[in-house]
Amino acid sequence: MNKNKREKEFYSVDVGDSTFTVLKRYQNLRPIGSGAQGIVCSAYDHNLERNVAIKKLSRPFQNQTHAKRAYRELVLMKYVNHKNIICLLNVFTSQKTLDEFQDVYLVMELMDANLCQVIQMELDHERLSYLLYQMLCGIKHLHSAGIIHRDLKPSNIVVKSDCTLKILDFGLARTAATGLLMTPYVVTRYYRAPEVILGMGYQANVDIWSVGCILAEMVRHKILFPGRDYIDQWNKVIEQLGTPTQEFMMKLNQSVRTYVENRPRYTGYSFEKLFPDVLFPADSEHNKLKASQARDLLSKMLVIDASKRISVEEALQHPYINVWYDPAEVEAPPPVITDKQLDEREHTVEEWKELIYKEVLDWEERMKNGAIRGQPSPLGAAVINGSPQPSSSSSINDVSSMSTEPTVASDTDSSLEASAGPLSCCR
């Protein structure tokens, strides 16, 4: 595309303290969130005739860490396609050459709220269970491709008013390697698993601990382990769950084990004490959707020793979850990530920049050739035709699917923040 023609396709608009230079198909830009990794606007896409979210990555080439994170997020979003994962609709830059290349824009589905807002609502068991089911379906899809999200938290999980749920933000997601000691500083502190806090390395069910913390927060309407730092976070965990066994202690390196063993010992509380019936909604007409089953699921997710913690596959078979089980959603074909060295690769900033530029050009070429039409495929659709709609009844058949919206970036990631009001289906 020649320079003049490309320039005519874009226009610039100030959004807060930033300038967005976007394709003219995107109009009515309005800021909805910002954070360490990006600024997010809602916009109207005249080509698709729908509202979308546009995320401008903040200074993606300022250092190797930012550049690698931007590359990882873009590659994973391009290839992951599931109804419970946020759908990438477009990728573009206004710059015309690699030398000029500085800005990356990701266009995604626009959702109505993030889970931070939903947590404050009184949900019945149907909605609570169904939200968890969709969360686990999305995580299972990632895990099936060897991808651990590593940053699950309420602001990274978004919903639509029809109760469709989607998972956001792959800036910190990485491919898994059995036995690999992975980087300890990842997820927002409150949702960090013990193995992360203690620098033990981790595997896929590190995401299950985060889901357990989120479920507990939805039940209690407050953060389960609100630690101020690593040490306080660990103390918050053992004060409630109890000091772990000697078997677990022996898995720690010597210096960490010495510290942990010298802390006061706690017996912890039973899950009946931590999550009494009064915190839960009234039992559903469905005999599996009741406080005792939700509490049992919590007790299997919030296990300090990861080797004894439930897996995502096991969680999906739990009675509180499997009432929704649909093989098409749970067993969707895994994404094919062509770059198997996604995490092991190390490059200079300029090399990362060139790789990202090639990914953007590849997207543009596929769009031009009709391989991408700017619409999510059926598995990535925001609303699935024929999905059940929630009503005032508490019957198991009354809850619909869910969807997401960009959320504000946290202190460790590039998530987006929703600006919309509460879910009508959860009122």
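Placed from the backbone N, Cα and C atoms, the Cβ positions cover glycine too.
Copied over from Swiss-Prot:
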ACT_SITE  Asp151  active site, proton acceptor
BINDING   Gly33, Ser34, Gly35, Ala36, Gln37, Gly38, Lys55  ATP binding site
COMPBIAS  387-403  compositional bias 'Low complexity'
DOMAIN    26-321  domain 'Protein kinase'
MOD_RES   Tyr185  phosphotyrosine
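Everything Swiss-Prot records as a feature, shown here on the structure.
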residue : record                       : Cβ neighbours (10 Å)
Gly33   : ATP binding site             : 23
Ser34   : ATP binding site             : 21
Gln37   : ATP binding site             : 24
Gly38   : ATP binding site             : 29
Lys55   : ATP binding site             : 27
Asp151  : active site, proton acceptor : 26
Nearest-integer angstrom distance between the alpha carbons (Cα) of the residue listed as 'active site, proton acceptor' and Gly38 (ATP binding site):
16
